[in-house]
Amino acid sequence: MPWVEPKPRPGPEQKPKLTKPDSATGPQWYQESQESESEGKQPPPGPLAPPKSPEPSGPLASEQDAPLPEGDDAPPRPSMLDDAPRLPLELDDAPLPEEETPEPTAICRHRHRCHTDCLEGLLSRTFQWLGWQVGAHPWIFLLAPLMLTAALGTGFLYLPKDEEEDLEEHYTPVGSPAKAERRFVQGHFTTNDSYRFSASRRSTEANFVSLLVVSYSDSLLDPATFAEVSKLDGAVQDLRVAREKGSQIQYQQVCARYRALCVPPNPILYAWQVNKTLNLSSISFPAYNHGRHPLYLTGFFGGYILGGSLGMGQLLLRAKAMRLLYYLKTEDPEYDVQSKQWLTHLLDQFTNIKNILALKKIEVVHFTSLSRQLEFEATSVTVIPVFHLAYILIILFAVTSCFRFDCIRNKMCVAAFGVISAFLAVVSGFGLLLHIGVPFVIIVANSPFLILGVGVDDMFIMISAWHKTNLADDIRERMSNVYSKAAVSITITTITNILALYTGIMSSFRSVQCFCIYTGMTLLFCYFYNITCFGAFMALDGKREVVCLCWLKKADPKWPSFKKFCCFPFGSVPDEHGTDIHPISLFFRDYFGPFLTRSESKYFVVFIYVLYIISSIYGCFHVQEGLDLRNLASDDSYITPYFNVEENYFSDYGPRVMVIVTKKVDYWDKDVRQKLENCTKIFEKNVYVDKNLTEFWLDAYVQYLKGNSQDPNEKNTFMNNIPDFLSNFPNFQHDINISSSNEIISSRGFIQTTDVSSSAKKKILLFQLRRIAEDCQIPLMVYNQAFIYFDQYAAILEDTVRNVLVASAAMFIVSLLLIPYPLCSLWVTFAIGSVIVGVTGFMAFWKVNLDSISMINLVICIGFSFDFSVHISYAFVSSSQPSVNQKSVEALYLLGYPVLQSAISTIIGVCVLAAAKAYIFRTFFKIMFLVMIFGAAHGLIFIPVFLTFFGRFI
């Protein structure tokens, strides 16, 4: 942040008040120091040239209302932007003591070390020189960025259209433990979809169709309802896909098989179809012994009521819902393609199937292995209409904010071009990264809405600085003055926002990395275009002012009324030297500031803040972690009711987890088996594990050997009988990995998890199972394909905390480097932490999860919190007012309107996302809305009040 030399403290004999002299006008009150005209029109010295002493004041130095132009050799002097709508940094228009304030550059030269005012001086001189060049050659600076945009825009040719966005790659942690566990399973265990399919033994998700059937009556365990379900099952299996040359893809061709038959979609339904006399009131749950073959029914029935013990479980008295699972071949590439074609055809025809069947007893919802991907990609279409609306609203806001009755100073066209400049930045930034090959993920579609708000803020700063220049000055000199004032401000805010964004690259989520890269690059282009093509357009508009001003010095009654209004509104000649103080700034000075600094107001503000921080902390402990898969689709998607039914009826049981022995062990050793059994018992004692559904080949094998009068403790006996055992128990064939040297390299068993419906429970389950495996004396590993997504629950909080801490530390360092007041830096850090706690806490109240999408917003939150708080704090500590209340009022007068307008413009930029039908876009709006509201509240209410309590220590 650019720094100006602190003004001398008023002594006892000199106590300037924050009151307006009777004879002073509004602009004069904040311009008490003498200002002078520059004499030369030569370009300022280069950016690295040493500053020179100021020239003697010119003949117009006595004019109180004239701003101080920059002369040939005059060093750039910082000045305040009274009504800049975003975070202007210079404060020279504040009331000054009568004694002369030394020049910052002069002080800097006499110091042994270069302080932050030297950095500000270098930046100011650099931009002063750039502004002169833009004013001298506006067409070059206007057309060159347009040509660059046209060239980089060709990168949109590489925008992926038909390529699927890999949800696992982009929305699960990079290098997560589950991915390493999956690689181990794939390297040590095989599966066979064509002959011996087992869903629980697969390391990856198979192609499948899942139908959830809900009965309109209390239970579907009656022959009439089963007959209707069977009719639905027959319609699905009869579905055919027509191919070229008259061939077809039938379900029987692509279905996963167990021996010669397609895997039944529901074991009990299949048993009833084979034997219609099956007594549906004598089924045990969760395991059912059918013809000496145990059938595990977890996940196949929901909304059930159980009775007394029966066989391998309890009597299933009633069941409200049933699941039909149709597994398809996945391993073979050719069959995989055919399976997906069949699934796509099913999705297209499923509504017609339901209409034809006219089901009366059941309701059906559907989901496939392709649904998540297809519906997620479809969400991008929902945001396209609101994208156009956002630009219309921003243009209207910008044009309205820049409207003046004085048509010479009117900047409506300039404001409209400023919005266009932000659009050019989006095209250039996205085009460049698409050329490079950075993946474009759907959540990057949120970025243009954010760029709109930020770009408009920077535009307002430059327009406000232009209004502070002298109409009679040369365009080059006016642009030089504008850049020396405004460009430093937008440079600092751009640096902080980009710095906060680029900390997100450290995230372990690819989606967060891609968003931060795209948004950071686009912010750079937005900044570059603001100081080039937008500045050039403003210079060209300045020439219009000059031409219009030169036309008339006095209004002639003979001229047409349109000509009068165009150049001289209401028939008056514009003030060439006047400054433009916005009425809202006067409101902050005359009404809001004095009201806020009253004692009773301060106590009320403290009370409100205590309530805010308590409720925020409470919310932080109740925020849900992880990305709910149903939120990847739009609200009207068919998968939303599917997940609702699944949550209501099928949440009692979780995934069936592999327990893998990862190294060679002596299974024939009784002590080894005892250690392994002890570990299994520890797993079964876990609150999230059903001890009655454990399945392990070793237990069955030991019983098999003992039943055949064999000694399981003798190595040769143990190893030589394994082939016979596997032929009698083929279910275990894929659970033992035996090498060519007849050694068991690895093996696995299974445990059944229960009651893990919430993200918090999934996180705890994963942590506890892995901890048990680590603590076991036998080398164990736990894995299920769902763990790939469960890992996000453990990683998201760690990632968020790390990114927030790193970004906050970076902001603290930046504030220390650019602000010569350590206490101010502490207040900035306090505000950042307070806003983050508030946003995180209120996410829980607004039902927003802490996931990779919201983590992006929390990172962005840091940059905006810095912008809102740093300038108010700096204006307070650098104020020369004698009392803390007057310091606070002055800070609000100078910067209250910019902070307010910055928040409003950003909210307008993202508010259209509230109408989006997709969670990922609404979440962006919700969190950015909270960031703007809480950030503005800290900048305009909390920080000004709290500073009055501690101002005496400054």
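Using the three backbone atoms N, Cα and C, a Cβ is placed for every residue, glycine included.
Per Swiss-Prot, the residue from the list ASN530, ASN692 bearing the note N-linked glycosylation site is ASN692. Annotated by Swiss-Prot as transmembrane segment, the relevant range among 255-275, 297-317, 549-569, 780-800 is 297-317. For ASN737 (N-linked glycosylation site), the spatially nearest entry among the glycosylation sites ASN192, ASN275, ASN279, ASN678, ASN692 is ASN192, judged by CA separation. Looking only at the glycosylation sites ASN678, ASN692, ASN737, the densest Cβ neighbourhood within 10 Å occurs at ASN737. For ASN192 (N-linked glycosylation site), the same-chain residues lying six or more positions away in sequence with a CB closer than 8 A to its CB are GLU331, HIS734. Of the candidate glycosylation sites, ASN275, ASN279, ASN692, the one lying closest to ASN678 (N-linked glycosylation site) when CA atoms are compared is ASN692.
Annotated pair ASN692 (N-linked glycosylation site) and ASN275 (N-linked glycosylation site), C-alpha to C-alpha distance, rounded: 28 Å.
Residues of the same chain lying 6 or more positions beyond the ends of the transmembrane segment (858-878) and with a Cβ under 8 Å from any Cβ of it are 1, 4, 6-7, 86-89, 91, 94, 450, 493, 496-501, 503-504, 512, 516, 519, 800, 803-804, 807-808, 811, 814-815, 819, 821, 823-824, 827-828, 831-832, 835-836, 839-840, 887-888, 890-892, 894-895, 898-899, 902-903, 906, 927-928, 931-932, 935-936, 938-940, 943-944, 947, 951, 954. Sequence-distant neighbours of ASN275 (N-linked glycosylation site) (same chain, 6+ residues apart, CB-CB distance under 8 A): none. Using a cut-off of 8 Å between Cβ atoms, the transmembrane segment (139-159) and the transmembrane segment (423-443) share at least three residue pairs, counting only pairs 6 or more apart in sequence. The secondary structure of ASN275 (N-linked glycosylation site), as reduced to three states from DSSP, is coil rather than helix or strand. Contact between the transmembrane segment (894-914) and the transmembrane segment (383-403) holds: at least three of their C-beta pairs are under 8 Å, each pair 6 or more apart in sequence.
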